[in-house]
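Look at TrEMBL and you will find 1-55 tagged as domain 'HTH lacI-type'. Feature annotation from TrEMBL assigns region 'Disordered' to 286-324, 352-378. According to TrEMBL, the feature compositional bias 'Basic and acidic residues' maps to 312-324. The feature compositional bias 'Pro residues' is assigned by TrEMBL to 366-378.
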Amino acid sequence: MSIQKIARLAGVSVATVSRVLNNSDTVKAKNRERVLQAIKESNYQPNLLARQLRTARSNMILVMVSNIANPFCAEVVKGIEEEAEKNGYRILLCNSGSDLARSTSGLQLLSGKMVDGIITMNALSSLPELTTMIGDAPWVQCAEYADTGSISCVGINDVEAAQGAVSRLADSGRRRIALINHDLSYRYARLRERGYKSVLHVRGLAYQQVTYAQDLSAAAGKRAMEQLLSQDEKPDAVFAVSDSLAAGALRAIAQAGLRVPEDIAVIGFDGTELAEVVSPAAHHRRTALPGDRPYGGVSTAETHRRSRRCRRTGDDGLARDRPRQRLRISGRRRRSAREYRCRWAFDECVSQTHPPQRRHGRKYPPGSPHIPPIPRCW
């Protein structure tokens, strides 16, 4: 089945079929429905290789994560993939471990034009090297991002999130609040520790104990909690920077014959599905957009508008203003992290990949709100 036969079945031009296949927004709704129905009835499968050669686009997005075994990363990737499929894209996953050599290997797909853009969840410490390798390709930093530069990013206020968690423990009467943290090469680890210490300082709490887990696993959380319990002055509350670490802490507390929350209260972070299976349940911090909208509800059009607000101001061609999305923090039990970051990161990456197109053979007049000052933020 060819595109010409699809056009005859739908009663439209070949150009209209091509626009539908390429997700163009210039096709009338009724014509789009006719084309999609013809494609469905004929079981048409486009030649992806031919399309890539013709359009110089692969409709593939590279998603680079630091550790796919982390439940948080896994759920975010799942959300990104769902949004990609809705928009005619596929993802390629690179489990880099924030290792430069593995990241370089994955980025060969970008330099070889096998992918149209990249979403990274690598540690902040690895971002300078990635910046050099990625160059001006469409790139969105997710969760871990640099405060300076021209790269689009999505994340939360980690300091505020940690302050909210520790303040909740202090408000409940806890005075010996410990922190189970992770590798300080990660931005979130440094900022959440800063938020933790700031609350202790403001409230005049002298007890301050921080243990560092080797990785974001329940086993590492258990070992960290055992270290805290081995001290002469045991904590009466623990803030863990991830649900996995909190789950391990709960196990160590139970094995020590202590009760949660009567003896030790525990707060985790991320709101992954792991919170559904731990017992007893720990309180968790989750994220949402302003107005209690679920993160998956951010529209593509809204994200495109964010992307188009970028402008160049320097001779080096870099955008001084970049699209950024900071999510609001709230404390609820057992909420999925798939609300978190997924759609905004994907939509932002796609909006940079595809600059605005001409419509009906004519450009919009200068100054039109439909055209950004520059086609992309790089």
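Just so it is clear, glycine is given a Cβ too, placed from its N, Cα and C backbone atoms.
When DSSP labels each residue, the domain 'HTH lacI-type' (1-55) comes out as 38 helix, 0 strand, 17 coil, counted as helix, strand and coil in that order.
Across the domain 'HTH lacI-type' (1-55), the prediction's mean pLDDT works out to 80.
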